[in-house]
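Asks: Take this structure first; my questions come after.
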Amino acid sequence: MCTPSKTLQSCVPFPLDDALLQEVVEKAKDWAIMHGAAMRSKQDFNPDALLFAPFILTPSSFPRKEFQKAVELQPLLNELIHAVAHDSQFLLATLSSTEKVDEFTRALIAIYRTVLDEGIAQTVTLALLRSDYLPNFSDTIKQVEINTIASSFGGISTIMTPMHSYILSELGHREKLVNLPDNKALSGLCDAMVEAWKLQARPSAAILFVVENVTYNICDQRFHEFYIRETYPHVAVVRRTLTQIVEQGRLGPGKELLVGDVEASVVYFRAGYEPGHYFGAGEWDARLLIERSVAIKCPSIQYHLAGTKKVQQALAKPDVLRRFVGDDAPKIEAIRDIFTGLYSLDREEGGDEAVALALADPERYVLKPQREGGGNNVYGADIPAALQAMSSAERSAWILMERIFPPLSTGYMVRPNGPVPPPLVQLVSELGIFGAIIGSKDKVLYNKQIGHMLRTKLSSSNEGGVAAGSGALDSPYLID
């Protein structure tokens with residue numbers, strides 16, 4: 001991998017003295033466990049035990065101006081994705097080639113077509129989005145992707161700033177706390193769910209969390225549930241898997257979503273974003289049942305489709321952006337500025353030229369499939385073989401993206417059962433900005449930027465998902 005040599009200034013001088021490092025790491029691990037920055041072990045699953053989530057000991061440096069830019073841009077991106085999700089003609093046309101070759105996308109589109117034909121029962125949607133960025137070599141941010149379903153780590157990320165404040169204080173650097181931006185992601189996400197619940201005006205109805213059959217990232221999910229129960233005790237929250245919804249779910253006379261004896265007026269998906277969550281036709285039936293109901297979905301099926309890589313690639317074309325943003329030149333410029341090169345691999349859309357680019361200089365690119373959940377991309381030297389193994393039709397399920405080469409930072413990555421003390425390593429950080437938007441096709445009722453997260457990985461690692469096991473939780477230390 002051709003990594004750049006530029007390294008950002010760290011928030012404290014490294015290396016730390018060994019004895020001090022060991023003491024602070026011990027405190028940090030206990031702080032993480034006691035405040036819920038934790039997960040269940042995938043290797044040794046036990047519902048009664050938690051391990052701290054991997055974290056970076058001190059906050060990683062991030063360019064202040066670019067952080068501010070991402071925060072200010074989020075409401076505009078919310079509006080853009082909202083407009084895209086409510087344009088059925090655009091979604092179906094953009095995904096037509098992917099639909100032919102990608103079974104998962106095809107199943108989602110089948111549900112979308114069904115509810116379009118029947119008439120969409122609930123025209124109001126709630127979206128909790130996360131736009132992910134890497135700074136490039138010149139310190140300007142470029143968008144990696146936008147997540148429209150199960151945008152996770154709002155809960156745990158909210159406690160990373162207090163944790164890093166504690167660590168910096170223990171290291172004798174209290175004066176640096178002013179450079180840690182406040183993070184209200186958890187309350188922002190939950191307040192938006194309750195806002196949607198209030199719109200329904202059904203006081204006895206609950207918010208339904210759709211969850212995996214086995215949940216490893218339990219703290220992040222429960223933080224949302226417990227925040228709602230504590231702050232809005234009159235709002236009930238229930239957790240059900242798609243499998244349970246098949247068994248217990250039905251529609252009431254007014255298309256209310258009933259699960260057992262509970263009506264759900266808002267549905268928040270923390271599962272359903274990857275094929276492995278659907279064990280058979282039953283789970284797909286559950287997804288269709290939810291879509292047919294008058295519950296407000298987060299996300300609705302069309303919002304799920306609006307988050308696919310293929311749609312992201314289509315939005316990078318200037319004429320497409322104008323379709324959704326109008327002729328507002330400053331808005332178009334602000335959005336285009338964060339896009340990196342995105343190429344279709346469809347033969348009809350210049351796919352052969354894109355393949356030629358990738359084969360000529362594979363290190364400059366990433367191949368991305370229509371999948372959420374991390375761990376699915378193909379990088380650099382592995383690209384030629386992957387492309388050569390695909391038929392031209394199969395290529396339609398992928399997009400080609402110019403690789404972003406971010407500046408490096410230095411720090412200590414602390415992992416369960418990792419080396420003690422941890423070694424000083426080179427790192428790369430990805431910023432996620434959360435947004436919430438509620439509205440129908442013609443009217444936006446609520447639109448906010450609501451917080452952030454920072455995920456950091458070893459500079460030598462391609463994938464950076466914390467839940468997927470290759471990244472670590474972090475928070476930004478803003479530098480000029």
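Every residue, even glycine, has its Cβ placed from backbone N, Cα and C.
Per TrEMBL, the features are:
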BINDING   ARG130, GLN221, ARG455  substrate binding site
BINDING   GLU145, ASN147, GLU372  Mg(2+) binding site
BINDING   GLU145, LYS309, 368-377, TYR379, 401-404, GLU430, LYS457, GLU463  ATP binding site
DOMAIN    206-306  domain 'Glutathione synthase substrate-binding'
Asks: PRO369 (ATP binding site) to GLN221 (substrate binding site): how many Å between their Cα atoms?
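Replies: Checking the Cα atoms of PRO369 (ATP binding site) and GLN221 (substrate binding site) gives a distance of 26 Å.
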Asks: Looking only at C-alpha atoms, tell me how far LYS457 (ATP binding site) is from GLN221 (substrate binding site), rounded to the nearest Å.
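Replies: Rounded to the nearest whole number, the Cα-Cα distance is 22 Å.
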Asks: Between the two most separated Cα atoms in ARG130, GLN221, ARG455, the residues recorded as binding substrate, what distance in Å do you get?
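Replies: Maximum Cα-Cα distance: 17 Å.
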Asks: Whole-number Å distance between the CA of ARG403 (ATP binding site) and the CA of GLN221 (substrate binding site)?
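Replies: On Cα coordinates alone, these residues lie 31 Å apart.
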Asks: Can you count the other CB atoms that lie within 10 A of the CB of ARG130 (substrate binding site)?
Replies: 26
Asks: Within 10 Å of ARG130 (substrate binding site) (Cα to Cα), which of the binding-site residues GLU145, ASN147, TYR379 do you find?
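Replies: The binding-site residues passing the 10 Å Cα test are GLU145, ASN147.
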Asks: From the DSSP assignment alone, can you count helix, strand and coil residues within the domain 'Glutathione synthase substrate-binding' (206-306)?
Replies: 42 helix, 29 strand, 30 coil
Asks: Do you know which of the binding-site residues ASN147, GLN221 has the most other C-beta atoms within 10 angstroms of its C-beta?
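Replies: When each Cβ's neighbours within 10 Å are tallied, GLN221 tops the list.
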Asks: Going by C-alpha positions, which of the binding-site residues (GLU145, ASN147, GLN221, ARG455) is nearest TYR379 (ATP binding site)?
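Replies: Sorting the binding-site residues by distance from TYR379 (ATP binding site), the top entry is GLU145.
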